[in-house]
Amino acid sequence: MARRDQDKLTGKQKAAILMISLGLDVSASVYKHLTDEEIERLTLEISGVRSVDHQKKDEIIEEFHNIAIAQDYISQGGLSYARQVLEKALGEDKAENILNRLTSSLQVKPFDFARKAEPEQILNFIQQEHPQTMALILSYLDPVQAGQILSELNPEVQAEVARRIAVMDRTSPEIINEVERILEQKLSSAFTQDYTQTGGIEAVVEVLNGVDRGTEKTILDSLEIQDPDLAEEIKKRMFVFEDIVTLDNRAIQRVIRDVENDDLLLSLKVASEEVKEIVFNNMSQRMVETFKEEMEFMGPVRLKDVEEAQSRIVSIVRKLEEAGEIVIARGGGDDIIV
């Protein structure tokens with residue numbers, strides 16, 4: 001293999017050379033942990049390797065060794081700890097090079113370090129920040145963690161932060177890096193960079209699912225005034241039909257009483273076995289037999305009809321919850337049933 005080609009090896013080619021260098025026994029044990037597709041791709045690369053000089057083999061083995069060590073350091077104490085150890089052992093430039101490749105392959109998200117911090121620590125930092133900064137940080141955190149923080153913000157700020165998470169699309173790496181840098185100083189952690197999709201309605205739904213019912217109501221009521229369409233879209237996604245499995249038996253029975261049989265039939269037609277089992281367990285035996293018989297002879301159904309039927313059932317679930325007749329489990333353990 002020409003020297004010029006060696007300097008431009010791809011990750012797949014390096015993996016192939018590493019397997020060859022490790023020998024048959026070790027390579028065979030590695031293969032046991034790969035998928036069929038990965039084995040096929042790797043074998044194809046190995047078959048294309050002609051000759052590699054010892055120096056290049058040693059460089060690839062050393063590179064693999066350094067990355068493996070770095071990954072171990074990350075699992076022990078995060079990127080910050082890994083960076084400190086590698087810089088001390090290998091120097092700043094080499095450590096940075098290794099971590100850049102590793103974080104790229106691991107797809108480390110921005111603010112990954114913040115997931116290890118207590119919600120109170122993050123709250124102390126962000127509560128005086130602009131709502132857009134709060135939204136950016138919360139959109140990257142674990143939903144339960146973000147929900148706890150959102151619950152503690154001033155009520156007049158909560159809805160605005162939730163709205164900004166919902167309408168957030170892409171954020172430039174420069175802004176992410178700057179916010180991370182400041183947060184790093186406060187929490188003694190590290191940052192990563194790249195354009196990353198964040199925010200959106202799904203993100204705010206996950207966050208709101210992590211707050212208590214009172215906080216959720218306050219935020220949604222405020223959003224109803226600011227942006228009714230957005231509030232309605234968020235409500236639709238707060239509880240989906242499949243979430244019926246999280247309700248207790250009494251709640252499911254109450255829902256069944258209010259829904260139209262045709263809507264329930266359509267919804268169950270394409271539902272998972274888990275959903276069907278839980279719903280059937282809360283019906284009379286005669287009703288179950290009737291439903292199963294009708295489902296068996298029901299022809300193909302349009303996805304749009306199913307989604308509309310499930311949406312109507314979800315609306316009933318939310319109305320029953322708002323009326324206090326059923327309870328939907330929330331994050332934070334604040335839903336007390338007496």
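Cβ atoms here come from the backbone N, Cα and C positions, even for glycine.
These numbers come from a predicted model, not from an experiment.
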- prompt: So which range, 117-120, 129-132, 213-216, 305-308, gets flagged motif 'Part of the EHPQR-motif' in Swiss-Prot?
  reply: 129-132
Task: Mind giving me a neighbour count for ARG164 (site 'Part of the EHPQR-motif')? Other Cβ atoms within 10 Å of its Cβ, every protein chain shown.
output: 20
Task: Six or more residues out from either end of the motif 'Part of the EHPQR-motif' (129-132), which same-chain residues have a Cβ under 8 Å from its Cβ atoms?
output: 157, 160-161, 164
